[in-house]
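As recorded in Swiss-Prot, the features of this protein are as follows:
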{"type": "BINDING", "residues": "31, 225, 264, 268", "note": "Zn(2+) binding site"}
{"type": "BINDING", "residues": "300", "note": "ATP binding site"}
{"type": "MOTIF", "residues": "33-43", "note": "motif ''HIGH' region'"}
{"type": "MOTIF", "residues": "297-301", "note": "motif ''KMSKS' region'"}
């Protein structure tokens, strides 16, 4: 019997059973990066969240029956500006090429280090300009778009049938006018109309314009995703502009961050539904929550802007020189993944250096168990039903981690390894390589003894035997073990985690 999946659907604002349009080709689209700068840790969150969704769907429906498209935006005004700034001595188009190739390559390295599977496809905007022009032509023909001063704009007032503009974001037009930063150009009929195509200035990248416009131009941001999702998830399966059946022009899941709900996803829906005559673009919309750094909004002005690359390169760990090079490069990535997955994807996430260190220490202890029991681990990929149940309930990764900790505590290396594999935390080859110490100075105590000491100390604290409890802490500290007390976020009980001191 196929596992029942339930996800929170932003479209309906409630948790619903997920039933794919066709279980032999489950289709997922996620908005990817604009390659003008290195991805930051806020970008890492949707990468990891939707990788978990991709892994779960593959587990339930089969790896050959899930199609995951994540786009690459390589046409954008921010790209033009950054390229001109970083490569002032190059022609703009060459500068853009160098910038986008460099940042695209780093993005791929980042996603691999974070433990993410490659999507089925990663369409680039520049590879789908023909589809964008065709989609804009369709909107012009149907009266949903108009030309003005060599621009083509989407007409909000042209929408007469559901979904009405603003319904997805749950905002009225007045609220959107008041809350959005809108470029009210003189050529717009209404202030909320948005650009589908714009003219390119001399020297800027430009392509043949739709609608008979005589000058070269480039697409707006929103039309890119409508066109690329059509190209990868609709047209190959009977949908697209040559199909008159609205049902064939809907796919299963569209994902992204909360910050994309308005205006980007609202505008995607307006474009796609108007072009195809559908009431929805995708049946499910899933959005991950925001990320803060040390309790503050991440911002260059706050000095807390952290790129994924900086996490990977400026390692927060001191590695033993004998440790395999790949582990040195990717341990920080898996530690970041471990840290992020402990918070439910729809909840706000507070990124802290302390939490990252704790995640790294715990992940290492898990690998130690796998190393110690590797001879007992059979070639068995069966995953505990309880773990699948947790992820099937709106990707409940905190509950999944509770189960993994139980497997670890019970010494069940096989269940732990299979669960880690599903969550993208397992590198089989590392189990062999990790025989050498991770840290430059490693304690002589084994992890089992340390856990026993922690349990005894917690008992002493419960009995208010403070002196004896402090003695255990001090003795462990002398061996290079740092104890950190806190509360379990679910039970509220006192817990203690440990890590090896940095020297």
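A Cβ is built for glycine as well, from the same backbone N, Cα and C atoms used for every other residue.
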For residue 31 (Zn(2+) binding site), nearby residues of its own chain (Cβ under 8 Å, 6 or more apart in sequence): 46, 70, 71, 225, 255, 256, 257, 260, 264
Neighbours of 31, 225, 264, 268 excl. site residues, C-beta within 8 Å of centre, Zn(2+): 221, 222, 224, 226, 254, 256, 260, 265, 267
Residue 300 (ATP binding site) and residue 268 (Zn(2+) binding site), Cα-Cα, nearest whole angstrom: 29
Taken over the motif ''KMSKS' region' (297-301), the model's mean pLDDT: 84
Residue 268 (Zn(2+) binding site), number of other Cβ atoms within 10 Å: 26
Secondary structure tally of the motif ''HIGH' region' (33-43) (DSSP, helix then strand then coil): 3 helix, 2 strand, 6 coil
The residue listed as 'ATP binding site', number of other Cβ atoms within 10 Å: 8
Within the motif ''KMSKS' region' (297-301), residues counted as helix, strand or coil by DSSP: 2 helix, 1 strand, 2 coil
Most crowded position, judged by CB atoms within 10 A, among 225, 264 as binding-site residues: 225
